[in-house]
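These features come from Swiss-Prot:
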BINDING   40, 62, 170  Zn(2+) 1 binding site
BINDING   92, 95, 98, 106  Zn(2+) 2 binding site
């Protein structure tokens with residue numbers, strides 16, 4: 001069949017809207033009609049050419065929601081008509097990682113997914129002249145129709161709006177999950193969130209959901225103060241407006257008459273800046289503070305700290321897709337949204353057509369959007 005898609009023909013160039021060929025699902029695969037897709041910084045990272053693993057031509061996009069229209073042989077967990085969210089982190093429930101119950105990083109299709117291919121080593125997309133087009137993060141949601149492995153779709157309730165729940169495919173889950181699954185924040189905790197973009201705001205609402213008592217947001221942009229407060233932030237710090245070291249400032253903020261050591265129980269880096277990652281660790285409480293690294297640093301970047309920071313009880317942890325097991329946890333997060341436990345609507349700042357998709361990247365570069373969503 002043919003489908004409309006925004007194709008990344010080469011790095012550094014705007015996406016091109018065109019008709020492409022899409023082959024139907026093979027064994028263990030499903031075809032999904034994408035109804036809405038978010039535009040994420042990871043898509044921009046690859047399109048810019050900065051991603052060392054970026055390959056072209058490809059159909060980007062990994063934050064979508066849609067309806068199953070066809071299933072291949074052997075598919076049992078979804079059927080045509082089911083509403084689903086594509087998963088760039090699948091859940092096969094059979095590989096050593098899934099069976100360990102210690103990680104969400106399923107390895108079942110990791111090798112081929114990283115090459116922009118389906119599990120059988122081929123692509124379902126091609127140009128009208130037959131030139132293969134690569135998949136992206138196993139999803140390719142910048143196409144009106146896409147094909148995914150069965151293990152890479154989460155079935156969700158049919159009454160949830162596509163243009164909101166698509167954000168659960170990446171940003172919402174990454175932020176809230178880092179709090180709930182990775183850090184396991186408890187009621188009454190003190191936390192600091194570095195970087196108040198879409199991920200940071202979702203960390204903040206995850207902290208509020210978990211019952212954190214003090215939620216400090218750190219950002220160089222004062223406009224983010226109002227955004228943070230909307231989602232549950234209790235204090236705001238702009239590092240450029242304080243005297244002295246931001247770590248010392250944060251430690252002092254978290255001191256109490258009972259605890260004069262100070263430091264946060266949990267910190268979260270949502271910036272991808274390795275200097276900020278160090279500050280986040282060192283703003284943790286001596287003896288038990290945990291710093292969760294969410295932001296993706298540039299290729300080749302390294303983190304540094306003095307070993308004394310770790311010897312005295314601080315912990316560095318990483319979190320990918322919020323530690324969420326996609327097929328199991330994503331439907332629950334959709335339920336949280338539908339039950340009013342978390343907010344998504346305010347973060348969807350722009351709704352665009354496929355023809356306007358490049359405007360979404362422009363808005364991101366200008367810092368004018370939290371999340372732009374393309375609706376098909």
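From the backbone N, Cα and C atoms, a Cβ is placed for every residue, glycine too.
In the shown protein chains, 17 other C-beta atoms lie within 10 A of the C-beta of residue 92 (Zn(2+) 2 binding site). Cα to Cα, residue 95 (Zn(2+) 2 binding site) and residue 170 (Zn(2+) 1 binding site) are separated by 22 Å. In the structure as shown, the Cβ atom of residue 95 (Zn(2+) 2 binding site) sits within 10 Å of 17 other Cβ atoms. DSSP gives residue 98 (Zn(2+) 2 binding site) a helix state. In the three-state DSSP assignment, the secondary structure recorded for residue 170 (Zn(2+) 1 binding site) is coil. Look at the binding-site residues 98, 170 and count other Cβ atoms within 10 Å of each Cβ; 98 has the fewest. Spacing of residue 98 (Zn(2+) 2 binding site) relative to residue 62 (Zn(2+) 1 binding site) is 21 Å (Cα to Cα, whole number). Within the set of binding-site residues (40, 106), the lowest number of other Cβ atoms found within 10 Å of a Cβ is recorded at 106.
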